[in-house]
Amino acid sequence: MASGSRWRPTPPPLLLLLLLALAARADGLEFGGGPGQWARYARWAGAASSGELSFSLRTNATRALLLYLDDGGDCDFLELLLVDGRLRLRFTLSCAEPATLQLDTPVADDRWHMVLLTRDARRTALAVDGEARAAEVRSKRREMQVASDLFVGGIPPDVRLSALTLSTVKYEPPFRGLLANLKLGERPPALLGSQGLRGATADPLCAPARNPCANGGLCTVLAPGEVGCDCSHTGFGGKFCSEEEHPMEGPAHLTLNSEVGSLLFSEGGAGRGGAGDVHQPTKGKEEFVATFKGNEFFCYDLSHNPIQSSTDEITLAFRTLQRNGLMLHTGKSADYVNLSLKSGAVWLVINLGSGAFEALVEPVNGKFNDNAWHDVRVTRNLRQHAGIGHAMVNKLHYLVTISVDGILTTTGYTQEDYTMLGSDDFFYIGGSPNTADLPGSPVSNNFMGCLKDVVYKNNDFKLELSRLAKEGDPKMKLQGDLSFRCEDVAALDPVTFESPEAFVALPRWSAKRTGSISLDFRTTEPNGLLLFSQGRRAGGGAGSHSSAQRADYFAMELLDGHLYLLLDMGSGGIKLRASSRKVNDGEWCHVDFQRDGRKGSISVNSRSTPFLATGDSEILDLESELYLGGLPEGGRVDLPLPPEVWTAALRAGYVGCVRDLFIDGRSRDLRGLAEAQGAVGVAPFCSRETLKQCASAPCRNGGVCREGWNRFICDCIGTGFLGRVCEREATVLSYDGSMYMKIMLPNAMHTEAEDVSLRFMSQRAYGLMMATTSRESADTLRLELDGGQMKLTVNLDCLRVGCAPSKGPETLFAGHKLNDNEWHTVRVVRRGKSLQLSVDNVTVEGQMAGAHMRLEFHNIETGIMTERRFISVVPSNFIGHLSGLVFNGQPYMDQCKDGDITYCELNARFGLRAIVADPVTFKSRSSYLALATLQAYASMHLFFQFKTTAPDGLLLFNSGNGNDFIVIELVKGYIHYVFDLGNGPSLMKGNSDKPVNDNQWHNVVVSRDPGNVHTLKIDSRTVTQHSNGARNLDLKGELYIGGLSKNMFSNLPKLVASRDGFQGCLASVDLNGRLPDLIADALHRIGQVERGCDGPSTTCTEESCANQGVCLQQWDGFTCDCTMTSYGGPVCNDPGTTYIFGKGGALITYTWPPNDRPSTRMDRLAVGFSTHQRSAVLVRVDSASGLGDYLQLHIDQGTVGVIFNVGTDDITIDEPNAIVSDGKYHVVRFTRSGGNATLQVDSWPVNERYPAGNFDNERLAIARQRIPYRLGRVVDEWLLDKGRQLTIFNSQAAIKIGGRDQGRPFQGQVSGLYYNGLKVLALAAESDPNVRTEGHLRLVGEGPSVLLSAETTATTLLADMATTIMETTTTMATTTTRRGRSPTLRDSTTQNTDDLLVASAECPSDDEDLEECEPSTGGELILPIITEDSLDPPPVATRSPFVPPPPTFYPFLTGVGATQDTLPPPAARRPPSGGPCQAERDDSDCEEPIEASGFASGEVFDSSLPPTDDEDFYTTFPLVTDRTTLLSPRKPAPRPNLRTDGATGAPGVLFAPSAPAPNLPAGKMNHRDPLQPLLENPPLGPGAPTSFEPRRPPPLRPGVTSAPGFPHLPTANPTGPGERGPPGAVEVIRESSSTTGMVVGIVAAAALCILILLYAMYKYRNRDEGSYQVDQSRNYISNSAQSNGAVVKEKAPAAPKTPSKAKKNKDKEYYV
């Protein structure tokens, strides 16, 4: 329909008068644009060869049909449309390609426009106002064949689609507006008929042939299809001027009639204008009209005056747009008369006890439901019939005649045996309480339209039923809101269900004992749920099979093009195919369902099929709404759907058109219901597009397009994509044999039909891909790899439900050699007993035995089958990749990833990841394992991965009976496979393109099929060999992995070259589908065989750390800083702790303890996520109540942005170029330093934000003018610190993840969140008491530990919190500690040695007008004394993690300084397993961490730079790695599969506290024993050190740092796992009310420093230049030629012992 309201012209008054006069003079018509509107003019003969058509129009419609003509459905047509407010002409001749003309002049502007259409043979021209264009058709014929009338503004509904050349024209929106001066050449055409128009000639009802006005009344059109008569000058009254001014009283309703039989009724019936013509009433006659809208009817009670007649007449007139409806019925049982409208034709059914007589009357063109008046007359007379044959001669029969409009006549004869029509029931007019139950009724719904002058006469009396109803006769009962005038009754508009998700909910259907439903539908799609309703279960659990717990249900569904009826009244269901042929042919199909108790019938296109429900129940108890077209998405899981309704389980909603829905004879306005419910995907019209939807190739990425109903359907199976057009990449999950995904459904599911599809890629020949499992039965549908084939197992636990026994699980096999590490597609289709298994479009079919078809399941599992209670053989775990799992329309993998469902559990990894499962290291050639005998008698499938630098070595050996054996070995860098099946040894060599001892992982597949074909595959290179003779490999003894004992090598067969074992790593070992744990399952383990695999590389390279992790070079290895990557693990390749935020939102809140809230000048935030949302809040950090500081990371319009406020205005930074709402994984990195900020998304360039101006200097300059001189310095310092608060994030109170509290909840994955040393997601996974979770959350797998690794503590935790401020206020003898600020690196760089005033961060006001701010613990100013650190560089300049220089200055610094308070809190501590530090804190082996201060830089600091202000320094250097922590050495507890390559080296000045660290005064120098370098490798946690990402365009490479080789210098050793403090380092300033002791201490410390420096200089100048002390225990490096992938040295040197407490004062060393 064209948009807009009803057309209302609004021209100026004078112009309006002129135009109205013009329109009246030119017979102008007003088109209302309503449904069913049309105008029909005489044929335009000039269109054949040459002619003109012109008219004027005025409209505001943008799309509508103006003109149409054609040749009657063959080839030629001409169509003039309004499209986008402009005229478009299409025409063709002789089936040529249609020509199209589109004019540019807009005409939908409420102005008058002149249109001229000119035909000239093959050429047609169109002109509007001053614009004209022409087009020509390239056809064989010159003339256009014109057979139709000229249609204007719409197509009459009686014109069939088959009679239209261009069928789509019937569904174009009708024209809305004014049309005048229509001429064909110079003459106006004759208007043959119209509907829905206003104007002088809008309706032929006023034409002389049909003028209803009598006695000279003036006919006028009052409304579409309704006329009125002006009787003012006729002397008559009434609606049609047929009544005298003083009419006589009407006769009694029951009058005797002396006229009988043949005197009253002629054989042919009265024609138009005869006695029966209601449109030509006699003088004094009044018409009686009533309007019926589907729920109204009236009935006359005949119980007191029963009918016994032999001659009858029924007359009435009707007007309707409806195709079906009951007009009149009387009688019951064997005597009845029924007159109905069915499919637009008049049906008559008469039964006098001797069998029904049926008559059908149809018009030649169109239908009777054309909203025009039609007269019906039915007569029954006694006649003598001279029939053919002896039995019919001279017999009396009753002649039945039915005529419509006096022209169309049908006759027939009834038998003479029953001559009387007897009825003592009711005369129903317009409907009945239950039309479907009336005997002989061909329809089940009531009439909708107008009925006029319904009269019944027989030889005894006359019943004027319409008059009696209007006058309210006591024997006449009225039902519904009857209106006794003819009103327009809109046709029941059809609706179109445009997608399978669309549906309309109808009120609950109360049809306990009887009920009827009729409707029309049309579609081209083979499957879909038409109707569904069900009751509640009779008790018991959802998982029970007991028939006592069945729920009643009623459904109609399309399956494979056939219509099925499904009905269950609680005692057994029936499933009946109601159509003998397919009904998805695109034509209208009429369905009529009627039920009475257990009996009933369903009729499809007048072909009826009876049914009888099983069981004894006759009550259909439905509780739910009656759903039309489909089911609501939200209720599909929670609603226990009956398994017999296959389309419900398959989520196959109906797509197509539905019209004329009647329930129990009452109409349902589908369009109104859809609009009231806001039904998505339900359109208020029905049209069938002729263009092929797939012609434009809409499916992307290789999707297969299929035609649907006015839509295309993209089959994305096998493409790796999902979505309507296969536009969205499907989620990939990686499995390593210990990983799974499990969908735990809220309720037990019972299905009889399943559609399953997925893609897989694996190198193993065995492994479970998908299985449905039940907690209560052995039911399963399982897909697994079995010997390189796809195996489908379907087991329906028939014994449990007591059904007829079956032969057990059904199995199907398809495909071969599917373990080729390529993507394959598998699909399973089950429909009851029928099975189909397809692999890469190759289909295998099977048929299940037994009558039981119901599959029960609670879970859908992938990777590992965890529900094992009812299976005897557990399938092997899967190693490989799965993608695109769709089970009955649900893409569970993607729903799980996106958080659309909350009932999934998984630890498999998202993304296509390299898989190395359960690696072990053979550290020497003499190491090996022995397992149980390899079972490889008839066939064999072996798979493993290896990595080594050794060119030779025995990988696998198993001997056997006789000469049988198998060997896999590495010879000169190539794999050899040697075997003997009894025919002598054979050798197969791998054909890899280069030696495989390159320290990279390689895949090896060795297989032998039952046909004795041997296959050796190295990575992607395959060698095959067929051996004749013996086919069985009879092995015995132990299977040796990695080597043999020395004395066995000499006894190996001659083709075996190995004389030594394998040195390197093995992983993912698969022995014929069995995944052994090489260490746990070993019968013997000889030598050094350990879990995990560490490569020989000990130096940083660009590939050392993945995902932009930063490589940190250590003394004997390297570590990776993963904090800003969202990943973890030794090389930043393991996913961080991941939570899935589901629908409805969720929230994770970390709350700092009130006394432990940090205030920061710098913040660092990194997080990974994936989502499809375009607006959400990811992370928000808030300050304490009243302060108003915050930081928020959010998604807006699909892009990432950050907004923060640290005391001034809101500051924003975003990345508008990176769209993150695409469902892919993205990593966001944000840093803040004061008001400066950087933001980076993935590998996009870093966005930087620097605020303009320096507010501090301007404020100080203004303030000094009003401050007394004597207070100037103190207030200057106070103001400076006050201004500094505008760059400090004060008193951080909580971190909130998920945005639920902000009203913008996030849905999707969040992974590896890192903020200022905190890993909140990991804390949440460990149930930290400071973390609270709420909403729909699910943890993916097992989250890594929140405790940072040893290396991380040294450089990450303290570096991130270097600017954390602790505010301390001291008054007299009382000390109160609050979150405040301490001197930092910047303080030590200023040249001002005056006392520093520390202002409270808790003061909520950043007042710039010098208002007094009173801290909570007092208002006095505390002036601490701070000792300055020297700016001179240390003697040894070490390299720190790369920090990008700021734009202005090239040199940069790395500040080093920390205290013990920077460590995580004791609540977060995790005791080390077997660690040495379990004793008391004063134990000599459990040293406290030592603070290290100073500068370390990769560049020499230029001391000539001008001194910088405190604020200016941080503005210039926004990214600074501030400090590191030195700890006492300790032996770590071993952890498998973790890199243990050493510790961070960071030499610097050492300060040893003489008291516990919390009491260490700022600047005080203490002494401690120097730390020895660690010889043992410290344990690594899941985290890694932090480093800021360098600012450079993508792609970003990991930063590489290195450490100088000074083994004798003290090394910064990482924190052990047992030593943890609060998350975030804190500097503590101790202040005193008296400064005397501080001054004395400073002087003494300075003197001591000078003495030490002089002594060191003296020793330096007098040292022996040719002698160096070197710690040989640390001075070694691996020789790659002598090492392999696992071993650096055969034996590590012993660690030097830590100096004992007795030697501390003796062996002290000091470094400055």
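Indices start at 1 and increase along the chain as displayed.
Each residue, glycine too, has its Cβ placed from N, Cα and C.
Note that the structure is predicted; figures quoted are calculated from it, not measured.
For D779, L796, R854, the entry in Swiss-Prot reads Ca(2+) 2 binding site. Here the Cβ of R854 (Ca(2+) 2 binding site) has 17 other Cβ atoms within 10 Å, regardless of which shown protein chain they belong to.
Swiss-Prot lists C206-C219 (among others) with the feature disulfide bond.
Mapped onto three states, the DSSP output places C213 (disulfide bond) in coil. Summarising the annotation, Swiss-Prot assigns disulfide bond to C213-C229 (among others).
Annotation comment: Swiss-Prot describes C231-C241 (among others) as disulfide bond. The number of other Cβ atoms within 10 Å of the Cβ belonging to C241 (disulfide bond), over all protein chains shown, comes to 22.
Here Swiss-Prot flags C450-C486 (among others) as disulfide bond.
DSSP gives C657 (disulfide bond) a strand state. Sequence-distant contacts (6 or more apart, same chain, Cβ under 8 Å) of C657 (disulfide bond) comprise P494, V495, T496, F497, F521, R522, T523, C686, W709. Taken from Swiss-Prot, the feature disulfide bond applies to C657-C686 (among others).
What Swiss-Prot lists as disulfide bond is C694-C705 (among others). DSSP assigns C705 (disulfide bond) to a strand.
Annotation source Swiss-Prot lists disulfide bond at C699-C714 (among others). For C714 (disulfide bond), other Cβ atoms within 10 Å of its Cβ number 22. C714 (disulfide bond) falls within a strand segment according to DSSP.
Sequence-distant neighbours of C726 (disulfide bond) (same chain, 6+ apart, CB under 8 A from its CB) are C699, R700, N701, G702, G703, C714, C716, T719. Per Swiss-Prot, disulfide bond is recorded for C716-C726 (among others).
Within 10 Å of the C-beta atom of C1093 (disulfide bond) sit 22 other C-beta atoms, taking all shown protein chains into account. Annotation comment: Swiss-Prot describes C1065-C1093 (among others) as disulfide bond.
Per Swiss-Prot, disulfide bond is recorded for C1100-C1111 (among others).
The disulfide bond feature in Swiss-Prot is assigned to C1105-C1120 (among others); the stated evidence is sequence analysis.
Positions annotated as disulfide bond by Swiss-Prot: C1122-C1132 (among others). DSSP assigns C1132 (disulfide bond) to coil, not to a helix or a strand.
Annotation comment: Swiss-Prot describes 289-486 as domain 'Laminin G-like 2', evidence class sequence analysis.
According to Swiss-Prot, the domain 'Laminin G-like 5' annotation covers 918-1093, on the basis of sequence analysis.
Feature annotation from Swiss-Prot assigns O-linked glycosylation site to S1400.
In the three-state DSSP scheme, C694 (disulfide bond) is classed as helix. Averaged across the domain 'Laminin G-like 2' (289-486), pLDDT in this predicted model comes to 81. Within the set of binding-site residues D779, L796, R854, the entry lying nearest in space to C1093 (disulfide bond) is D779 (CA atoms).
Comparing Cα positions, C1065 (disulfide bond) lies closest to D779 out of the binding-site residues D779, L796, R854. Cα of C694 (disulfide bond) to Cα of R854 (Ca(2+) 2 binding site): a distance of 37 Å. The Cα atom of C1111 (disulfide bond) lies nearest to that of D779, taking the binding-site residues D779, L796, R854 as the candidates. Of all Cβ atoms in the shown protein chains, 19 besides its own fall within 10 Å of the Cβ of C705 (disulfide bond).
Here the C-alpha separation of C1105 (disulfide bond) and R854 (Ca(2+) 2 binding site) works out to 52 Å.
Cβ-based neighbour count (10 Å, all protein chains) for C694 (disulfide bond) stands at 17. Recorded residues C450 (disulfide bond) and R854 (Ca(2+) 2 binding site) have their alpha carbons 52 Å apart, per Cα-Cα distance.
Nearest in space to C241 (disulfide bond), taking C-alpha to C-alpha distance over the binding-site residues D779, L796, R854, is R854.
When the alpha carbons of C486 (disulfide bond) and R854 (Ca(2+) 2 binding site) are compared, the span between them is 56 angstrom.
For the disulfide-bonded residues C213, C686, C1122, C1132, the greatest number of Cβ atoms within 10 Å around a candidate Cβ is found at C1122.
The separation of C1100 (disulfide bond) from C1122 (disulfide bond), Cα to Cα, is 14 Å. On the backbone, the CA of D779 (Ca(2+) 2 binding site) and the CA of C1132 (disulfide bond) stand 42 Å apart. Using a 10 Å radius centred on the Cβ of D779 (Ca(2+) 2 binding site) and all shown protein chains, the other Cβ atoms total 23.
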